[in-house]
Amino acid sequence: MSMQIWTRNTLIGLGLGQFLSLLITSTGFTSSELAKKGINAPTSQSFLNYVFLTLVYGTVLLYRRKALKAKWYYYIILGLVDVEANFLVVKAYQYTSLTSVMLLDCWSIPSVMLLTWLFLKTKYRFKKITGVVVCVAGLVLVVFSDVHSGDRAGGSNPRKGDLLVIAGATLYAISNVSEEFLVKSADRVELMAMLGLSGGIISAIQISILERNELKSIHWSAEAALPFVGFAVAMFMFYSLVPVLLKINGSTMLNLSLLTSDMWAVLIRIFAYHEKVDWMYFVSFGAVTIGLIIYSGGDRDDDQHPPNAAIDDHRPAVKQDEEANSGNHSKGAAAGSSKTWVA
């Protein structure tokens, strides 16, 4: 069998992954700006994104006039997990620095790999596992340096912030794996419309309970409104494109690509905030880049897929991240997972 390292899908995955990484960095930047202004309304930040998803994709879904391909309660569960994941990570900006949040969310990677292995029956080759290990090792090195160099002075309670990020990253992993299943077994428009609807309803309830007084106390101005709108637009674009990458390359490739958001975050610290960055961050970026190349370069375009796999009709022919045994993938996902986070 011949091996083609840089397949079309691999190159598309790398490019799209970096664009998504920039979008995530922009949401981190806007969240950090709002935190600095004393605005503490994490659920409200995400609510507008869910409204956009409902209006855009819900309109298309209504125009189709077709029955849902997945059970409605799957989307309720997905919406709840997604809302709380966003809530926890955005809340973390109140307590710790932008860079710390971007680094610690790497916890979602081993979580995604474990969940896809358990529920989607994904098989990872040694080369892909090696790429993941190299990526995570680089980030662990920087987190270790971050703790001992006192580089977290920007946060009021770094430990609490770190715990919030880790909890949010775990929920992101569940959300990503659930979305991956739904985008392959249902469809992208249905996923986005129903996620927007369920996420919007859950967000509205949570806002009325937790953030009503906070919203009333905000002195609305262009400086306060622009980060809110910027966050929502970036999140809408991110949510719209994530299912595309999930369908082509899978959850793990998505989460590995988002690791480079750390690089963009450091550039923001250097050029926007004029902060000094420890040299070990650059070592981390090198490791992440090498690991991502190792992971992406392990695809084969002639791998075998079971001819009667239930999900193969919805998958690209050259998809190599979610490997063989697609028949078991379908059964395992349907039985054990109601959600496939990040497409």
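Placement of Cβ uses the backbone N, Cα and C atoms for every residue, glycine included.
No curator has checked TrEMBL annotations; they are predicted automatically.
Marked as transmembrane segment by TrEMBL: 47-63 (among others).
Annotated transmembrane segment per TrEMBL: 72-93 (among others), in sequence order.
The transmembrane segment annotation in TrEMBL covers 99-120 (among others).
Feature annotation from TrEMBL assigns transmembrane segment to 129-149 (among others).
If one looks beyond the transmembrane segment (161-177) by at least 6 residues along the same chain, the residues whose Cβ comes under 8 Å of a Cβ in the stretch are 78, 81-82, 84-89, 91-96, 100-101, 104-109, 111-112, 115-116, 119-120, 155, 246, 251, 254-255, 337, 339-343. If you look up TrEMBL, you'll see 161-177 (among others) marked as transmembrane segment.
If you look up TrEMBL, you'll see 189-209 (among others) marked as transmembrane segment.
According to TrEMBL, the feature transmembrane segment maps to 224-246 (among others). Through the fold, the transmembrane segment (224-246) approaches residues 13, 16-17, 19-20, 23-24, 26-27, 30-31, 33-34, 37, 39, 44-46, 48-49, 52-53, 56, 176, 179-180, 183, 188, 191-192, 195, 218, 253-254, 257, 340, 342-343 of its own chain, all at least 6 residues removed from its boundaries and within a Cβ separation under 8 Å.
The annotation transmembrane segment is assigned in TrEMBL to 279-298 (among others).
The compositional bias 'Basic and acidic residues' feature in TrEMBL is assigned to 304-322.
Positions annotated as region 'Disordered' by TrEMBL: 304-343.
Long-range neighbours of the transmembrane segment (189-209) within the same chain, counting only residues 6 or more positions beyond its ends whose Cβ lies under 8 Å from a Cβ of the stretch, are 41, 43-44, 46-47, 49-58, 60-61, 64, 68-70, 72, 75-76, 78-80, 82-83, 87, 179, 182-183, 215, 239-240, 243, 343.
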